[in-house]
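Undergrad: Sharing the feature lines straight out of Swiss-Prot:
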BINDING   Cys120, Cys121, Cys203, Cys206  [4Fe-4S] cluster binding site
ACT_SITE  Cys229  active site, nucleophile
Amino acid sequence: MLTYETWEENVVSFSEEDETKGALSVLNWAYEEYKDEIVYACSFGVEGMVLLHLINQVNPSAKVVFLDTNVHFQETYELIQRVRERFPSLNIIEKQPELTLDEQAKLHGEKLWESNPNLCCKIRKILPLEKSLVVEKAWISGLRREQSETRKHTKFINQDHRFQSIKVCPLIHWTWKEVWRYVYKHSLPYNPLHDVGYPSIGCEKCTLPVGDGGDSRDGRWAGKMKTECGLHYQ
């Protein structure tokens, strides 16, 4: 088994000639390699809808973890319910932070997402995922190279130094148009905020719509010199 400790570069290769640009091949390998010791960390963005559909074909009882920061958009919570109905056999786990919002405010002040967004992300996203991955050998992410400058070198299989794990990224070669083409082709549910200028959707407190021609992550932590929550350490 390929693990963080036994990491070898390019130990496995995948054909990218099929309709999914290698995504199904990657997922088949991942679930064969890690069995029940792999989890998909899903934010329920549009890429997530594609991956959930593909994962359901490969492993209908796969584990999916959603990092519930308690400050997501209502539309996101409603989408999760629709996904549960569409893919009832998937094991969707909503992981909560150790601190409630009130406890966080008492310790670090009100609106930590404004005063110290990095700490807020650590408490409400990074630490919960870290705890989830303690019992896993690998995790799946919907990163695409096209999304941002910080993601353009992502590979199918990555040695993840942030969580000392293996990070599997099946959609690295997909374009934004290809993601949406797949969603429409398979009539997949998606967050309606995508239709009103939100290409990337995170917490309600830190996500704004993006103007025409903007980077897909420009609406995340706008004005904070920050475009990543910290889950995807480079």
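Placement of Cβ uses the backbone N, Cα and C atoms for every residue, glycine included.
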Undergrad: Mind checking which of Cys203, Cys206 has the fewest other CB atoms within 10 A of its CB? They're the binding-site residues.
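TA: Per-residue Cβ counts within 10 Å for the binding-site residues Cys203, Cys206 bottom out at Cys206.
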Undergrad: Around Cys120 ([4Fe-4S] cluster binding site), how many other CB atoms lie within 10 A of its CB?
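TA: The answer is 24.
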Undergrad: When a 10 Å sphere is centred on the Cβ of Cys121 ([4Fe-4S] cluster binding site), how many other Cβ atoms does it contain?
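TA: Cys121 ([4Fe-4S] cluster binding site): 24 neighbouring Cβ atoms within 10 Å.
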Undergrad: Can you tell me the three-state DSSP label for Cys203 ([4Fe-4S] cluster binding site)?
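TA: DSSP call for Cys203 ([4Fe-4S] cluster binding site): strand.
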